[in-house]
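So the structure is just underneath, and the comments pick up after that.
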Amino acid sequence: MVTKEEDCLPPVTETTSRCYSTSSSTPLAELETVRSLEIVEPSSSLSPVWLLVIFCIINLLNYMDRGAIASNGVNGSTRSCNDKGKCTLATGIQGHFNLSNFEDGVLSSSFMVGLLIASPIFASLAKSFNPFRLIGVGLTVWTIAVLGCGSSFAFWFIVLCRMFVGVGEASFISLAAPFIDDNAPQKQKAAWLGLFYMCIPSGVALGYVYGGYVGKHFSWRYAFWGEAVLMAPFAVLGFLMKPLQLKGFPSSDSIKTVRSIEVMSPSVGSETLKNNNRLQVDNEIEHDQFEVSIETSKSSYANAVFKSFTGFAKDMKVLYKEKVFVVNVLGYVSYNFVIGAYSYWGPKAGYNIYKMKNADMIFGAVTIICGIVGTLSGGFILDRVTATIPNAFKLLSGATFLGAVFCFTAFTLKSLYGFIALFALGELLVFATQAPVNYVCLHCVKPSLRPLSMAISTVAIHIFGDVPSSPLVGIVQDHINSWRKTTLILTSILFLAAAIWFIGIFINSVDRFNQEETGSENPRRPELSSRTP
């Protein structure tokens, strides 16, 4: 370690004298640089369990935001009058900006624009830059954008802010699952993924309740401001905590090279004064090499970014040639088309079909209970029957088909209690797919492609799934003006998802989790090159 004790040695030549530590031959100016960079990296890393906990909380907040903006308390409704002349006041975002159902659907999907653009970018940059720092950057953007949503003064401005919310979330969704998959116990990988993805329905449900309560008792703006306050500590944590190693990526880190400077500088604490001049000359040579290495590192960072993007096309070609990945994502797109529309239009549809007085609370309660139980069950069942890709496809197709039957039947009933019972069973089965579908995404590709696999999967399920589904359902509802018929049309798409995943059972699949990286050209994180003289 660097000591505080310092001596100034007389110069050998006519140059300015330089100071050295008594316990090291490294110049003090160089050692001060080491000290300042050592502060960047904490002395200890998070345990796998704490990593899972933190990631789950962040995921919960991400999806709580989605649930909150869909709640009647935040989303609201426009002013309307019945035949008797009795009118209801405009409420929430829709009432404040006087939005049509189509514009309201666009608002729900606008954050996906940022998410879709940024996800592959963050996945590619993760090969060259510290993933946790990328997460910190993304969560900071998320926090600022959510603050902007609460401060919106026009429809275009809140749409823009929602896009940047998507940019912030993109850094997290591509990198979290691979870290969890790496650090989970071998026989509990699907269960750990189940815990993480349990936060999706739980977050949406919590958002319904949170948004409904805050919107009713305060204002829809306060719901967004509250989310920003909750996320801010995790954005800061993204810059501070020491990351665990991600399988399939090089372990080299630019910070570690700074420590190597201390190692390469031999200790001379026990040397006599007669050797000081010789040591000074040696350190001058090392110092010159250190300065050259800093200049070299600037170009190496630019080169790493360039390699990240040039390797993107090659990696994408590999993904699209993987039949298991393609079939899995196609089924996931169909599935997410329905789930995305459910999450946004569900409370409003329930309110109009069954005259639910507390639609936010009812949908929130059903979703959170079924989401937790269903998602956890899917992960534990897959581990129980042995987590393999074919078994994952069997669970995906079976659970989705049965869930579609129950949900479709639920919307045909006139009884509110019958609807709640059958819809709850359907959601229980539908949410059991979360761990298996992401298990397939992670294990059908080699380790270094997992972040990109997750990113492209996310891009696909949103750009072809819940991004168009919300406005399209709004258009259908505006045209036929019957929420019951609209929900039945929507739910029937779950049968398509089940059929696609059923095909996956018969595709020859290989679990590539332990596949060695051969011939890969993954760019390493730039290092400060240092050589001893």
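Backbone N, Cα and C atoms are what each Cβ position is placed from, and that goes for glycine too.
Within its own chain, the transmembrane segment (45-64) has Cβ neighbours under 8 Å at 139, 142, 169, 172-173, 176, 179-180, 183-184, 192, 195-204, 206-207, 210, 227, 230-231, 234, 237, 241-244, counting only residues six or more beyond its boundaries. As annotated by TrEMBL, transmembrane segment applies to 45-64 (among others).
Annotation comment: TrEMBL describes 51-510 as domain 'Major facilitator superfamily (MFS) profile'.
Look at TrEMBL and you will find 106-125 (among others) tagged as transmembrane segment. Among residues of the same chain six or more beyond the transmembrane segment (106-125), those with a C-beta under 8 A of the stretch's C-beta atoms are 69-70, 93, 99, 134, 138, 155, 158-160, 162-171, 173-175, 305, 308-309, 311-312, 315, 344, 451-452, 454-456, 458-459, 462-463, 466-468, 470-471.
Residues or ranges marked as transmembrane segment by TrEMBL: 132-157 (among others). Using a Cβ-Cβ cut-off under 8 Å and counting only residues 6 or more beyond its ends in the same chain, the transmembrane segment (132-157) has close neighbours at 58, 62, 65, 97, 99, 103, 107, 118, 122, 125-126, 163-165, 167-172, 175-176, 221-225, 227-228, 231-232, 234-243.
The annotation transmembrane segment is assigned in TrEMBL to 192-210 (among others).
Same-chain residues lying 6 or more positions outside the transmembrane segment (222-241) and placing a CB less than 8 Å from one of its CB atoms are 42, 45-46, 54, 57-58, 61, 64-65, 68, 73-74, 132-133, 135-140, 142-144, 146-147, 149-150, 210-211, 214-215. Here TrEMBL flags 222-241 (among others) as transmembrane segment.
Residues or ranges marked as transmembrane segment by TrEMBL: 324-345 (among others).
Cβ atoms under 8 Å from those of the transmembrane segment (361-381) belong to residues 67, 71, 190-195, 197-198, 200-202, 204-209, 212, 346-347, 350, 395, 399, 420, 423-424, 427-436 of the same chain, restricted to positions at least 6 beyond its ends. Look at TrEMBL and you will find 361-381 (among others) tagged as transmembrane segment.
According to TrEMBL, the feature transmembrane segment maps to 393-413 (among others). Away from its own ends, the transmembrane segment (393-413) comes close to residues 328, 331, 335, 353, 378, 381-382, 385, 419-423, 425-430, 432-433, 436-437, 440, 484, 487-488, 491-492, 494-495, 497-499, 501-502, 504-505 of its chain (Cβ-Cβ under 8 Å, at least six residues beyond either end).
TrEMBL lists 419-442 (among others) with the feature transmembrane segment. Within the chain, the transmembrane segment (419-442) has long-range Cβ neighbours (under 8 A, six or more residues past its boundaries) at 177-178, 181, 189-191, 193-194, 197-198, 200-201, 324-325, 328-329, 331-332, 335, 339, 353-354, 362, 366-367, 369-371, 373-375, 377-379, 381-382, 387, 389, 392-393, 395-396, 399-400, 402-411, 413, 450, 453-454, 457, 494, 504, 513.
The annotation transmembrane segment is assigned in TrEMBL to 488-507 (among others).
Summed and averaged per residue, pLDDT over the domain 'Major facilitator superfamily (MFS) profile' (51-510) gives 79. Tertiary proximity for the transmembrane segment (324-345) is limited to same-chain residues at least six positions away from its ends with a CB under 8 Å from its CB atoms, namely 66-67, 70, 105, 108, 204, 389, 393, 396-397, 400, 430, 433, 437, 440-441, 444-445, 453, 456-457, 460-462, 464-470, 472-474, 477, 486-487, 490-491, 493-494, 496-498, 500-501, 503-504, 507, 509.
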